[in-house]
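Here the structure is laid out as structure tokens; the discussion comes afterwards.
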Amino acid sequence: MLRTFVNVNQSSHLGPVFQTDHIAPMAGCQSQGSLEEVEALTEQIRSRIRHEPRVGIVCGSGLGGLADVVEDKQMIKYSELEGMPVSTVPGHVGQFVFGLLKGIPVMLMQGRIHVYEGYPLHRVVLPIRVMWKFGIKTLILTNAAGGINPEYKVGDIMIMKDHLNLPGFCGVNPLIGVNDDRIGPRFPPMSDAYSKKYRDIAKQTAQELGYSEFVREGVYSFLTGPTFETVTECRLLRMIGSDATGMSTVPEATVARHCGMEVLAMSLITNSCVMEFDSDQTANHEEVLETGRARSQDMQNLITKIVQKIVS
């Protein structure tokens, strides 16, 4: 940064003495990460797996049980991979799971990376770009979310039809920085962030499984966390059209669409957001994990059948 100072002992025709900052233009002052970084991590993993994945799945808080139904699986801990960020949150095991889900090769993230863990955004979304480099075209994202819509109950599953990237209003976006056209376009559209085809498949599958009573479709608001929302924040989110809120998913969906992947995202409503100032109710992470465990079998059934329909 170049600074220009006006000497206080000199008179100036500019009027009052002042100090100003002139920011010199610097190409690439913020990084999206490099394709080479993605390729290096992909090759580390490829050398260790038997099945080249076709579908990528990110398991949210308390939802990692899907890995239990993957067959012929191989686990690779994030900590074993050079250049891979590591999960630090309870409920996130911190490993990739490769194997077959009803015969379909999949790549699971059993534990995701969050902005609030201190990683820059291009590191948070690095695993999604690795999935893209593997040739994965379908990405399924799951998360634990707080219910904003008063009709939502704890244990409901919300299919995401759109999102509010609230940090993006303040210039926080994983695509800020010099764009690499080999990965995706400079200005990707997000009006179709979540595939209508996949959402229709998810709703049809929920009906077939008898889940229609607790499967919803709505809008998810992304906040960075780690604090849960204040009463006023919850009220504002409802006013601007949000049905649920959480601390993940949107950066991953953004980068996936940038790469040309099709995205399905689902939120498990693990707590109801506090909307009244005199309420004794508070949100906590233990409640999130408990609800995830209680609904884990239903989420497994739903995702498994959705994957089968998408790939068939």
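Positions of Cβ are set from backbone N, Cα and C atoms, glycine also.
TrEMBL: automatically predicted annotations, no manual curation.
Per TrEMBL, phosphate is bound by Ser61, His92, Arg112, Ile113, His114, Ala144; the candidate from Ser248, Ser272, Ser279 named for the same site is Ser248. The two recorded residues Ala144 (phosphate binding site) and Glu229 (purine D-ribonucleoside binding site) have their Cα atoms spaced 14 Å from each other. Spacing of Ser61 (phosphate binding site) relative to Glu229 (purine D-ribonucleoside binding site) is 17 Å (Cα to Cα, whole number). Non-local neighbourhood of His92 (phosphate binding site): Ser61, Gly64, Gln110, Gly111, Arg112, each in the same chain, at least six residues away, with C-beta under 8 Å from its C-beta.
For the phosphate site, whose annotated binding residues are Ser61, His92, Arg112, Ile113, His114, Ala144, Ser248, the maximal Cα to Cα separation is 14 Å.
Counting neighbouring Cβ atoms within 10 Å of each of the binding-site residues (Arg112, His114), the lowest count belongs to His114.
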